[in-house]
Structure formats: structure tokens, C-alpha cells
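What Swiss-Prot says about this one:
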type     : residues                                                                       : note
COMPBIAS : 1-19                                                                           : compositional bias 'Basic and acidic residues'
REGION   : 1-29                                                                           : region 'Disordered'
DOMAIN   : 643-897                                                                        : domain 'Protein kinase'
BINDING  : Leu649, Gly650, Arg651, Gly652, Gln653, Tyr654, Gly655, Val656, Val657, Lys672 : ATP binding site
ACT_SITE : Asp768                                                                         : active site, proton acceptor
Amino acid sequence: MQKDGTRSSRRMEEGDRRNGSTGSSGSVSRELGRGFSYYNKYLARLQQNLRDTKRFFRDIKHTYSGAPGGPDTDIKGAEGDLGQLHSITFPRQEEEYLKLTVRCRPCIFILGQSCSSRGRVANSLLGDQLLPILTHCGSECCKRRRIRFRYGKQTLVSLALPEQYELVHELVAHQGKWDTIPEEDLDVPEDEEDPAHRLAELEVTLPHQLLQDVDIVVSPCRSSQAVSMTLEDYVDHVQSIVVYAVCEERLSQQDEEELTEIKEKYKLPVFFIRTSSTRDRLIGGSEGVRSALYEQLMELGFLKRGLCNCGAAGSGSTAPSMLVEQFEKLRQVSTFSRQVLQMHLVDAAIVLNMVHSRCLDLFINKAFDMHRDLQITPKRLEYTRQKENELYESLMRISDRKQEELKDMIVETLNSMREQLLEDAANMQFKDIAIPQNGEPVSVQEVKCCIFQIKELIISRLNQAVVNKLISSVDYLRESFVGTLERCLRSLEKSQQESSSHVTSNHLKQILNAAYHVEVTFNSGSTVTRMVWEQIVQIIQRITWVSPPTITPEWKRRVAQDAIESLSASKLAKSICSQFCKRLKSSHEAFAASLKQLEVGHSGRLEKTNDLWLRVRKDHAPRLARLSLESRSLQDVLLHGKPRIGRELGRGQYGVVYLCDSWGGHFPCALKSVVPPDEKHWNDLALEFHYMRSLPKHERLVDLHGSVIDYSYGGGSSIAVLLITERLHRDLYVGLKTGLSLETRLQIALDVVEGIRFLHNQGLVHRDIKLKNVLLDKKHRAKITDLGFCKPEAMMSGSIVGTPIHMAPELFSGKYDNSVDVYAFGILFWYICSGSVKLPEAFEKCASKDHLWNNVRKGARPERLAIFDEECWKLMEACWNGDPSQRPLMGIVQPMLQGIMDRLCRAQETGKALEDST
């Protein structure tokens, strides 16, 4: 079997008719064509975003892999530098799903109760009588095979195995002209024994405009092949649109089983169309009567009560099934197909955006970690060096002044232990020495061993007592210095990835443990032990015997007494202090050398971390944020459509705000149109959008409903991003001009503080708190808007942004934190307390922005007005303090402001009450 190069081909004589250009069937074809054009437009955008996403992950992988493009290429190869960035990958499951989605071609499956009903639907879709309408509808003897209509420049008919190859077979259609496909070619011959020919489908290629966008597959008769086999052959590599033609009043049991299998196995929505002409079949008539077919579909779970059966989209993630009981309304299949394809695109856009958002959050979290590492590691190193030096000096001072105390401690210890030592010595049982029970003398050698063991007892007891008292005298140093040092070293060791640095850190910890746990011991080779042993030898030499003594308790007690009296407390104290100082100095020098080595290792690591932080902040995160903005905007426009722009509400430096009556179920809305002029503005806008979408809803922040990218803005000359937000009554600037009561103004201040505090808790800095960025609802409650400059501290580059009169002095240095919002609130609070929008005198005198900035840097601030309450003025001054570290946190400002409001408003109410009483 091979491709038939001699198969019949002819051009259709009625090209216009075959292209669906006339009659009601032609309108169905045109409606479907428009729906597929809509699908193809957004599919192209999804494909482009997916290509850009794959390129992004490929670039990340190659940038941080030791062997770009190699077989073992993996971002984990740079895990030492990247940390969390090794998980910035395109998950395989999501990637395969998205690849399949964008490659799948739409396909309309025409199923149904009979060949006649299926043929009628196919003819109507194609606008021509291509399939014969049989009279023996549903006959068991029907053997019609599967039919597939595809696009081709010429009209061709052939037999082919699905997605494989064509069969060499002479068809009736090859023998001459035809308008309707011959029935002989449509049916499987009863005497056909070749299984390939029995399973083959009739493939028809037509130069039909509709077929450029979609294939049409007409299922075979049940006696020829089960419907499930048709779906099984195609469903995994096409976007399925299922049409079910009904020619009877009710579904048969076999129909129900067939539909149940489709629903449970493939979970596909179905468009049901009744092909027979009947009377009074309008669903939802004046009496609200439902047909038997409708009730059956309800029981099967294809239709739901409360949903319009005409195809209105539900709120779920899948398109609903539809029932149309008038064949004249077949054009509604275009609405159904559009919903089905749209939900495929929406699902793909959601998956793609989830990948973008997850990886973008990882980038931002890693930026936080790197930023903190860059800030804290040098401080930890300096802190470790400083604390170790303090510990060293403290211990040296202790050693210098403790010698006399040690002498007294030794004397005191010996006196307190004397009786117990003598008693223990008298009762001592010697090891490895046999003492006669009858009191006979022992040899000189055995006497020496006995004296040595008595010495060992005295030395061990004295050592333990002296060391315990010495350690207790420096315990506070061990707790306050050594514990902190060890914690800092553990932290530095974790952040240093090189193996050599692990050795250095471990060695450093060992030195600390050896040097600073102050364990004074009398080793066998130590000066103290030798000194004590010499004294014991002198004791032995002083005892002269004519013959070896008898080992009695009295003798043991006398030997112990002489040994104790021979010990010199001053010499012992001097020896202990000398040994302690020597070990301390040696350990201090080793510590300093090891710390220097560790610092060198961290210096190289921090340099790499800083480079990576800059790349994440300036390249990786903005690039991924733009892809995220595109995928989320695609999802929003598919679900809710393009918003209708109303009258202009205002304009700012970066965009125009319009009225938008309703969008996505929200009413009313405001629409901010932004046309980014360059890549930097695109990146800033994309990151702003991500931060806003990532924030939990908060009553003191303006809600962002969604975004749409308008590729046709300005006649297609530029691209605009439309941000749809909730619409409020007015901004604070207009509110103050109109006039607001003191209580209302203080409540607005509290609302602003609550909003700023929430942003700070989320790790964000607004950077542009001002009158026009505070919106008021009809109840005069405030919400913060315009997060255009809002960023996490770790993602800030030090850009000079904001509105001049609200900008903190440190903004001009490029090194600042969230305290710039506290400063801006202080200026805003000045306006709130003044009750007007008049500029402060110090700012009004400035002729230019540069003049204003210079004055602010020099300490210029708004003046105190006569109407200001003392506590309000102190709060303003605290907020705009020139030293950022002296400004109060918003968590402190909020209760202070609440107290001011309670006091002032209560005073006002008391005054009014007094006036009323008079």
C-alpha cells in the first residue's frame, strides 16, 4: 500500500457555493470563520509568549551552567552562586501541556443518532450537499465509514488510515464528476475482508475557507465502528469541538451510554442540535415547558438548571454544553465553538502565567536573600572580630588581676578540703599494691607507689575544685561572648560555599572551643604537675626510715598532711595564670589569622552575589515580569474582553485615566492607559503589575481588577497597557479643596497610615505618597493608589523617584528604605492638618525642582501653622526627621494618630455640647 499518485482530482464547479457564500448555511460558515479568526489571533499571542518564555529559561540555564548546551547542562551546576535560582526552570509537565495546546488544530466532531442527521449538520457547516441524506435513518444495516474533511487546494477523495497513509483503492468518485459523494464510497462493503480497508476513513480535501482553520470529522455508524474509537484516535492531538445531532424525540439507551462515556472519559462539552423539524420546540416558552430531550440531558449532567441552554458561558473553567432545538439556529454552534476554544486558550494562559508568577516570586525572594547577605555578612565579620577582641582583652585583664585571688582561692580551697582529703587518704585503697593484713612492712618501691597514689588523689581533688571556681569567675564572659561568636561563625560558615572555607571555619570553631571554654587542666607534662611532683619527692626524701614503714591509716594520713603543707599556693597561682595567658594569646593570634582567611573567602563570594543580584534586579526579574504581564493580560481579555474606554478622568506623567462603565463583573471601573516609551518603562510597569496582583486585597488599597494589552493603540503604531481598577469618588487633593471636617481628615490620615503599614508588612515601599495618590470613596474613606514606583526594598536600584515636595533627603543619595514613605506621610499630614492644598512657604519660595531639592537636603521643612495641635506638629516633625533611623515606624504612628483623633474629636463634641446647652 502506498500513496495513490493517480487518484481522481477535479476542481469544484461551484466554488462560491462550496465556500459557503450563499444561504443560511453560508452564514453558519462565516460565523464559524470569524470565531476561528478570533481564536487564531490570540493563539498566535500565546505561541509568541511561550516561545519567549522558553527562550528565557534557556538563557537562564545557559548563563549559569558550566557547559552551555552540553548534555549535562543544568542550572544546578551553578548552585553555589545561585542558591534558589536552581529551581528557576520550566516544569516539564507544564511545558509539554503548553506545547500540545499551541500545536493542536481545532477539529469539529459530528456525532449523532443517525447518518442522516450527521450528514445534514456536515452539509450545513460546509454550505453544500456533499453527503447524501439517507432515508433509512438509524438502520442497523448501515455501514457508513468515518469521514474527514480537510483543507486542500484541490478537491480530492481517498481512503486513508487515521494519521498514517492512504490506501490504494478505486473509488466511485474517481470515475467522473460528482456533486454529492457517492454512497458506495461512504459505506464499508459487506464483503470487505481487509481489516485496513474496513477501518479506513474517507478523507475529503476541499478548497473551503472554513477548512483552513478547522478539520471536520463525521463519526461512522455504530455498526461500523464505535464513537469512542473516533475520539480516541484524535482527541489527544486536536482541540475538540463535539456536535451531537439528534433526529428523534428522545435519546435511546444506546445514545445515553455513548454520551455518558464521552462525558466521563473525555470530559468534553457537547453542542446538541435537533435536526428534525418539529412544532413548538422553543425551550423556555411562555409556559416554561421543557422537552423530554432537555430533561434527559439534565439527568445525564450535560445541562444544568439556572444556566441558559443557548450557550451563555458559566463561571467555571470549562465551556458549558448547549442544546439547540431548532435546526435553523445551527449558527449558535459558532458561539459554542468560540467558548470551547476560548477556554482552551484561557487554561493555557493560566498555566503559563502560573509558571511566570512562581518563578518571578522565586527571583524576588532570592533578591531579598542576596540583598540581606550583602548587608549583613560584612557586619557579622566585623562584629565577630570586635567581640573576640573584647573577650581576649577581658580575659587578659582577668589573668592580670586574678593571680592574688587565685592564691587566696587555692589556700581557701585547701583549708576547706583538708579534713576531707586527710580522711579520704586514710581510707584510701591502693591499686595494684598488696598490703599485708598483719601490719608487716612493705618494700621501698611499694612505699613509693603508695605515696604517688596519695599524691594523685590530692592533685585531682585540688585540680577539680580550683578549676570549677576559676571557670565560674568567667562564666558571664563565656555566655555573653563565646555563644554569640559561635552563632556568628555558624552563620558565616553556612553562607561560605567553598570547601576550603569550611576547613577554615571548622578550625576556627575548634580554636574557640579550645581557647575560650577556660578548662584549666594539670596534664602530665605541665609546669604545675612537675612542680607538685618535685614537692612530693622532697616529702619522701625528708622521711628517713631504717626499715620500710608499716602502711596504716595513720601513716597514709601523715603522708597526705605533709604533702598538703608542702604545696605553695603562690607558685601554683602564678603557674596557672602564666599558662592561661600563654594559651590565650596563642588562640587569639590563630583566631585572627583564621578570621582573615574567612573574610577573604567571603569577599570573593559577595562580589559574585552582588553581580548576580544586579542581574536579577535589572534583567531577569523585569524580563520575566513582562512575560507574566502578557500572559495575564491574555487571560483577562479572553475571559472579559477588551474594556470600553469612556471619558477622560485625568492624566499624569505616565498615563491617562479614563472612565470604564463595567468590566469583568466590576462596576464602575477606572482605566489607566499607559504607553511605555522604552524597555525600562515596560519593565517598571510589568513589575508594578506583578506586585499589585500579588498583594492580598486590602480595604486601604485600590483594587486592581485586571489588565489588557491593546496592540492596536494609535492605529497600531504603539502598544498600550490598560490597567482596570476600581473607581472611587475623588482624590484627596480635590477633597481638601472642597473642604473636609477635622474628624474626616484625621480618619483619612489613619487610613493612609494603615495602607502604608500594610505595604511595608508585604516588603514593599510605595515611594510616591502624595495627595493625588490618595483616593476617597463616597464615605470619605481613603485608599492608596498608583503603585507605579512601588517596589520591594531588595529590588530598588536607588532611582530618584517620587514627587519633589514629598521626597525624603536620602532619596537623592540613592540609598534609602521604607522610611521614605514615613517622610512623605509627614508632608501629607501637614496638608491634612492645614485643611488646604496651599504649598508650605518653604517650598513655595523655590523657583525650580533643583532649588527645592537643595533646600530639602539642607533641612527645609514646612512651617508650623497657628491651627496646628502640639501633638500633631510633633508627629509631623518626627516623620520628616532628616535622620531616617529616627523616624517612627508606621506601627508606632498609627496608635499615636488614633490617640490624637480621639482627643481632638472628643474635645470638639464637648464644645458643641456646651454651645447647645447655652
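Easy rule for this one: first residue shown is 1, then count along the chain.
Including glycine, each Cβ sits where the backbone N, Cα and C put it.
Sequence features, as recorded in Swiss-Prot, placed on the structure.
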residue	record	DSSP (3 states)
Leu649	ATP binding site	strand
Gly655	ATP binding site	coil
Asp768	active site, proton acceptor	coil
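Those same-chain residues not listed among Leu649, Gly650, Arg651, Gly652, Gln653, Tyr654, Gly655, Val656, Val657, Lys672 yet with C-beta within 8 angstroms of the centroid of the ATP site C-beta atoms are Ser673, Val674. It is Leu649, among the binding-site residues Leu649, Val657, whose Cβ has the fewest other Cβ atoms within 10 Å in the structure shown. Checked against Asp768 (active site, proton acceptor), the binding-site residues Gln653, Gly655, Val657 differ in C-alpha distance, with Gln653 being the nearest. For Gln653 (ATP binding site), no same-chain residue that is 6 or more apart in sequence has a Cβ closer than 8 Å to its Cβ. Asp768 (active site, proton acceptor) is surrounded by 22 other CB atoms, counting those within 10 A of its CB over all protein chains shown.
Here the Cβ of Gly655 (ATP binding site) has 21 other Cβ atoms within 10 Å, regardless of which shown protein chain they belong to. Counted over all residue pairs in Leu649, Gly650, Arg651, Gly652, Gln653, Tyr654, Gly655, Val656, Val657, Lys672, the record's binders of ATP, the longest Cα to Cα distance measures 14 angstrom.
Around Arg651 (ATP binding site), a 10 Å sphere centred on its CB holds 12 further CB atoms from the protein chains shown.
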